[in-house]
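Features of the protein shown, as given by TrEMBL:
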- 152-316: domain 'Putative aromatic acid exporter C-terminal' (DOMAIN)
- 20-47: transmembrane segment (TRANSMEM)
- 68-93: transmembrane segment (TRANSMEM)
- 125-146: transmembrane segment (TRANSMEM)
Amino acid sequence: MNTQFKEFFQSKTVKMALSATIAIFIANKIGLQFGVTAGVIAILSILNTKKEAIKVGVKRIFSCTIAILLSGALYIALGNSTIIFGLFLLIFIPITKKLNLEEGITIGAVLSTHLLISNNINFQWVINEFILSIIGIGVALIFNLYTPSLEEEFLRNKEIIEDKYKSILSEMALRLLMDFELQTEQVDIEKVEKLILDTREIAYKINNNYLFKNDCYYINYMDMRIMQLDTIRRMKNHFERLNMKYEQAVILSEFTLNVSVNVHEKNDCIKLIEELQILREEYKKMELPKTREEFENRATLFQFLNDLEDLLTIKKEFKKNNCK
């Protein structure tokens, strides 16, 4: 029940509703004109991550300030009319784009319309519009800082991905010994890839919810798994050309099975790579193939071994460059 209650208040819909209501209440309470606008600004300022909320909030404050001062100056100098409002937009929009403040175009335009319909633009009107923007953005920022923890979802997905890799590799190990169709279809690999990409998005959100640090470990972990998945695709394709069983296949099967049970996050794969090098040297000492078919099959096994090494090297480099 507590979890459901927490998720309810962390939902974007509830944040929008509450922040808008509170912003309007504050604006009306202190006697501002167009208090509803503070609520609209709050709704537009509810975002997905803390870093994004702060970054966009600062940009909107700057763009709103530009909009208020620019439109106020134009209306005072040239009069309040639709044509002057259009002139304001012709100047304001390029400025915001030049300064990379596009997120504030809509809000700035709305604030400008308040001055447009005013009969007597003065300093009090300018302050009114500025405070409206501060209230809307500020209230939304408070709600944006209360974000759900995505760690559990990330770790759950990570475990599913690792289990799937283990299943694929162990199936390949068995296929090296027995003649049967791999059950891992292209659609299964595509499902794993989608899960990895979705989980990488979660990793980006986790990183963007850190206000005072930039921890890309989870992002890099998912990038590593994507690279490994490309290697797994190549390994899977080798079985289309493999139709004979040899001593090399038995040894490679045992090693592939060992890799499958050590596919977890903590393994740096250094020992496995050393074992693979020993296996490669043993292959070189074996009797040469006697037929063309045997040569082609053993060449395929060797390519499989090379891809397996790539799989392990990708993981080793990840562990070398990332600490957790």
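Note: Cβ is positioned from N, Cα and C throughout, glycine not excepted.
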Checklist entry - Would the transmembrane segment (20-47) count as touching the transmembrane segment (68-93), i.e. at least 3 C-beta pairs under 8 angstroms with sequence separation of 6+? => result no
Next on the checklist: Under 8 Å between C-beta atoms and at least six residues away from its ends: which parts of the chain pack against the transmembrane segment (20-47)?
Outcome noted: 12, 53, 56-57, 60, 106-107, 110-111, 114, 125, 128, 131-133, 135-137, 139-141, 143-144
Item to check | For the domain 'Putative aromatic acid exporter C-terminal' (152-316), mean pLDDT (0 to 100) | outcome: 82
